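**Q** Look at TrEMBL and you will find 151-248 tagged as domain 'CAAX prenyl protease 2/Lysostaphin resistance protein A-like'. Per TrEMBL, the feature transmembrane segment maps to 27-53, 73-95, 116-134, 146-167, 179-199, 211-228, 235-256, 276-299.
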Amino acid sequence: MIRPPAAYAAHQAFVAPARAHPALWRLVVGLLLGGVGYVVLSQIYVTLLLSILPPETALSFAEDLQAGSTPAGMFALLFSFGLMLGVVGCVVVVLHHRSPLTLLGPMRDFAAQVRLAVVAVVLLNVALWVLPPWGMDPPMQPQLPLGQWLTLLPLSLLAILVQVSAEELLFRGYLQQQLAARFASPLVWMVVPSALFALGHYSPETSGDNAIWFVLWAGIFGLLMADLTARAGTLGPAIAVHFVNNAIAMLFTAMPDNLSGLALYVLPFGMSDPTAVAQWLPVDFAIMLTSWLAVRLALRR
């Protein structure tokens, strides 16, 4: 049996609330009921949104809700993750008899680690933008006018925070805690949630033959966030890294064919472009790894 390394000592306190009701049947039932509940609530949410729109715009908005190609579509999509937050919270209370706040870890450490991680990742990304090489060939294309982008920015950041918090509470919070309460090996409580997180990013209809590469990216990202969570003993660093990563990908340099409705610029290639994505993904992998390392160093201080 592979045991957690000494660097994961803080993970024991993070997992402790899950040990009170660690039965696997609770986790399985929680995932099943939570999944069904989330699907039902999402359908109700979309139906309500479409019902308040004129019939002539409802169809186009429904399509935009999937692609996120306008600000309204992006806000509707990102804030829908609030339903996931609610569902996970209910599952934790009803089936595991504990507060949803226990998914975050000790609150004092959580807040301090969020600040450290945000500063570390933001400084890293600023350095990467300032240092050569500069620009892209072909160059990025403007998306939203600067004035509109700045006006929407506070709400955009809040929407992204809702989305990443929901995903982190589910995968690195609920799943990682409950699995670690039953299994000592990181091969279980790190790999299983990361694999499920990766599968959730499989989208061949938008990324074509590149779909498997985006799944691989998401899987590695999930493992790195699980590692940060185990080292820190809170979800703070994972939420912070995920937040900055998604803010850059959705608000600054989005893909033109996916989730670009709030972006200032769009990249000169789409998700399904095999040549361009093959050239860009190694850069993105390198940024992901350096972000993880930067936060690890910040947490040691």
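Any Cβ shown, glycine's included, is placed from N, Cα and C.
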**Q** Please count the residues of the domain 'CAAX prenyl protease 2/Lysostaphin resistance protein A-like' (151-248) that DSSP assigns to helix (H, G, I), strand (E, B) and coil.
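**A** For that range the per-state counts are 87 helix, 0 strand, 11 coil.
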**Q** Mean pLDDT, the domain 'CAAX prenyl protease 2/Lysostaphin resistance protein A-like' (151-248)?
**A** 95
